[in-house]
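So that you can see what the record holds, here are the features copied from TrEMBL:
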type     : residues  : note
TRANSMEM : B:12-29   : transmembrane segment
TRANSMEM : B:35-55   : transmembrane segment
TRANSMEM : B:62-83   : transmembrane segment
TRANSMEM : B:89-108  : transmembrane segment
TRANSMEM : B:115-133 : transmembrane segment
TRANSMEM : B:139-157 : transmembrane segment
TRANSMEM : B:164-184 : transmembrane segment
TRANSMEM : B:251-276 : transmembrane segment
TRANSMEM : B:296-315 : transmembrane segment
Amino acid sequence: MDFGQLMQFVITGLTIGSIYGLIAIGFVAVYNVTGVLNFAHGEFAMVGALTSISLIHAGLPLFLSIPLAIAITAFLGGMIEKTTLSPVRNASVVTLIIITLGLSIIIRGLGYILWGAYPLSMDPFSNNEPIHIWGAVLIPQSMWVFATMIVLLGGLYVFFEKTVFGAALKACVVNRKAAELMGINTKSLSTFSFIMSAAIGAVAGIVITPITSATYDMGLFLGLKGVVAMVLGGMNSLTGAVLGGLVLGLLETFAGGYVSTAYSDAISFAILILLLFFAPNGLLAKASGKRV
Amino acid sequence: MRNRKQSFYAGRSKVFLSIFILMLLVLLFNDSTNLYGILTMIGIYSIVTLGLSLLMGYAGQISLGHAAFFGIGAYTSGILTTTHGVNPFLSMICGVAITFVIALLVGIPALKLQGFSLALATIGFNQIIYIVIISQSQLTGGASGFSGIPGLAVFGLNLSENRYYFLLVWMIVLLIAYVSMNIIDSHVGRVLRGIHDSEIATLTFGVNISAFKVQIFVLSAVYASIAGSLYAHFINFIAPPTFSVVASIQFLVMIAVGGSQSIWGAIIGTAAMTFIGEGVRTIVPLLMEGGGQVEVVVYGVVLVLVMMFMPKGLIPSLKNVWDRSGFSRRSAMLAKGEERRSG
């Protein structure tokens, strides 16, 4: 086997995997605070990416338009939670699934109306001179993706483990009622979790745009892959989500390289189904006490 | 008895008669081929949503993969009739057989899952079928679609004419509604409602829940497959987007909007969403340019609003209106009297 080719697969796989990991982090953040699997999460990546492109086209510099786009997406996330999910807090799982599906339909449609069907591109954040490693090529934007993921993961780790606010969020996850009795405002925390995950989704969408370019329907696919990564990692751990993303990215790239490109996507969904059947708690899950 | 009549599960003759009368009215007073086309599509989609109603409203299981079964039916019919010259009705039955096997293979492990997991597994399944359809382009025509599918003919009567196809499709809808209502009214229906309300409680009665769930899943998949075949012979051209996850979501929208716990709900939701779609498609281009996606947005908005304010769908609200109207006041008063006597 050609070593350079192998190395190339690893690099590409890790780049795609980081993207999935970034999306999965957002899923985990919302799922664990509100108990909702937000099917509209991928759409935040689309909104973030396309908004930042529009701002750049409007003449704003990169370092200004990116934070602005993230802020706009985060605001959208908060608005969505306040207007649609917060009022029906106690609805059944099926109702909540359908509402977030509806939201994704709306956002995707609005995305089409606002930005059209053609892919929009964005210049890389830094110079675009490819780096050669052992016969493989690494583009600098991939480094940005890795770096963003590591910084986000680290930031969220510190936030959840070392701050009172993060601890309150975690308390929400463990037992909502108890958290309320301790004086934690679970309602505003759930809104906050949406704002946070929308911002993370926007970041993910923006960092990958220079590599993949952005379209109105990118959210659906990213969202599905993010969910697969999340399930791989075990639904409730941020590190798990990132690892799940990386594993998925590598699997897909190698399957695409050695089996068939057409079926590399099918393989990742087959993995999802097999996982759900045989290890519904994910690869990293510890045995939990609840068995019904 | 009175109680039974009050529940949504009952009133089968009413559903049956109303559909029948509506069918006759349409046949008597309609000359527009276009309207026949729309009504036929409502009928075809209703067959899918009737199955989803059994699965979601009664067994409480969510599926986001029924467009795949719809596609399996459509492609089996299309390929067998066009490439191999098989009789359309025979290929429809082949489609049902293939769907039966696949649904069983997917259903047995999948229905051990609950809530989000089942939704995810069915999405994954739908994606795989979608990718297979696109990749097997020698067989399916790939992304550019499969054309030249023949229409149906019975005893020399050409069913390609919209009026006859409308009749055929709605006869099948009636038949399937009848089968479904029989299932709901039988002991199977009671078990399903038990599963919907509390799986554990039903389990403690010694009921083999997963067997029931798998059976309903397979049945609803078979409905979808039949609808897919009917679709292929009606439109004569099939392409992958019709069978994507987005289409599965649209089926779910129809059933959720109508109200999943009622045979009526499936049909009314399907009709409502189809008419909203058609309406938007005709009105929006008059107001603004390039409004293809506006339809999608309206779909989403209707869905979210209905789920927020009428989580059980339109049916309970419509029933409320009916109960307040003069027509049913007498029966409502009777019911109240009965309640007082027995309570």
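Note: Cβ is positioned from N, Cα and C throughout, glycine not excepted.
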Quick one: do the transmembrane segment (B:115-133) and the transmembrane segment (B:62-83) have at least 3 Cβ pairs under 8 Å, skipping pairs fewer than 6 apart in sequence? yes
Between the transmembrane segment (B:12-29) and the stretches B:35-55, B:89-108, B:164-184, B:251-276, the largest tally of CB pairs under 8 Å belongs to B:164-184
Near the transmembrane segment (B:35-55), which same-chain residues lie under 8 Å Cβ to Cβ, leaving out any that are not at least 6 residues past its ends? 26, 61, 63, 66, 70, 162-163, 165-166, 169-170, 172-173, 176-177, 180, 183-184, 192, 216-217, 219-224, 226-227, 230-231, 234, 251-252, 254-255, 258, 260-263, 265-267, 269-271, 274-275, 278
